[in-house]
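According to Swiss-Prot, the protein carries these features:
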BINDING   176-231  ATP binding site
BINDING   Asp302, Glu316  Mg(2+) 1 binding site
BINDING   Glu316, Asn318  Mg(2+) 2 binding site
DOMAIN    141-349  domain 'ATP-grasp'
Amino acid sequence: MPTSLLRVGVVFGGASGEHAVSIRSARTVIEAFSAPENQERFAVIPHYIDREGRWWGPAVAERALEQNKALDAHELPQPLPAPGLRHWPVDPDSVDLWYPVLHGPNGEDGTVQGLFTLMNKPFVGSGVLGSAVGMDKLAMKAAFAAAGLSQVPYMGLTAADLEDPERLEQLLTRVEQELGYPCFVKPANLGSSVGITKANNRDELLAGLHQAAALDPRLLVEQGVNARELECAVLGRRHLRASVVGEIRFDADWYDYETKYTEGRSHTLIPAPLPALVSQQIQAMAIRACHAVHAFGQARVDVFYDETSGEIWLNEINTLPGFTSQSMYPTLWAASGIPLPQLVAELVDTAQE
C-alpha cells in the first residue's frame, strides 16, 4: 500500500438500536471512497463494532459489509471476548484519520469522539461537546434557546418525576396548560423517532411518558404543530456551508419510526418548493444551530415551517446523520452540486483543518 495514501479508518455498527442503518451508511461511504478520484488519495480500513460493543478489524468488518447485516455471535471469531472495547483490533498507528459512521448512543454522543481525541487522531464530524449536546435533546434545546433560536414550546422532565405522584400531577397539569394537546413525548437521547409517541389526552400522555422513561431517564414533551417538515445539511469546520433545503412528506398522522422506515410511506422533495427567502432563512438557521451546539464537519438540521403564519421553528440537529444512498444528508448535497465521492473527500479534508 503506497505510503502517500491517507489511511482512513471507517468504523461502523455499534451497540445501538441503529446498528443496521450504520452498516448501510458505511457501505455507501466506502463505495464513495472507491471512486477513481478517491482511490488516488485514500485507503479505507474498515472496523466493525458488534452489537455487544466489541471492536473488530478489517476481516470481520468486510464480512459485515458483504452480508449487509449485523453479525451474530456465532459468526464472530471464537472465543468471544467480554462485551465492550477490550482490545484494539489493529495497530492504532495503521490509521491516520477516523471516519465514524455510527448512529445513536455510543456513536454520535461524544463517547467514540472522546476515544479518538485521546488517541490524538483527527476524525470526521463534531468533537465531544458538539456530539454530546447534539445527541441530548434537552441540552440541545437549551443551547438553541441561549442562542435565541425559535423553537416549538416544550418541557423537560425525568423518569424519576413519574415516580412521585404529587410531582407528576403538577407536571401533567403544566403540560396541559402550557403545551396542550396534541403533544409529543420523546426520549432525550434516541434517534430515528425511536420511543416517540403522540398524545391527544392525559391517558396517552401518561402512557407515552412511561414508554419513553423505559428507554431514557431524560424526557421531553413538545407542543404539536401543524407544519411542513424541512431539512438542511451543513458541511465545514471554520466556514460552514448549508445545502439546498429538502422536504419530507409522509402518508401518516406524523413522521413516526414505522413511517420513516417503511418503503412508500414517505417521500422527499429536493429542493423543497419554498419561497427563496424562506429557504435562505432556513439555511441561515441551520448554520446558527451548528454554532449554538458547537457542531462542525457534518450535520443535518431539521425545522418546522408553518406556511400560513410564516413561522419557522428549529426542531433538532443530527451531528452524525444517516449516510445511506437514500439518506437526506448526501442527497441534499448531491442536489447542491457535491456528489458522494466529493462529499466524503471534503469531510476528510474538513477533519484535518
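Glycine residues also receive a Cβ, built from the backbone N, Cα and C atoms like all the rest.
If you take the CA of Asn318 (Mg(2+) 2 binding site) and look 10 A around it, the binding-site residues you hit from Glu176, Thr197, Glu204, Asp302 are Asp302. For the pair Glu316 (Mg(2+) 1 binding site) and Glu176 (ATP binding site), the Cα-Cα distance reads 23 Å.
Sequence-distant neighbours of Glu204 (ATP binding site) (same chain, 6+ residues apart, CB-CB distance under 8 A): Thr197, Lys198. Of all the binding-site residues in the list Glu176, Cys183, Gln211, Val225, the shortest Cα-Cα distance to Asp302 (Mg(2+) 1 binding site) is found for Val225. On its own chain, Leu190 (ATP binding site) has Gly17, Gly104, Pro105, Leu215, Asp216 as residues at least 6 apart in sequence with a Cβ closer than 8 Å to its own Cβ. Remark: Gln211 (ATP binding site) has Val185, Gly195, Thr197 as non-local neighbours, by Cβ distance under 8 Å and separation of at least 6 in sequence.
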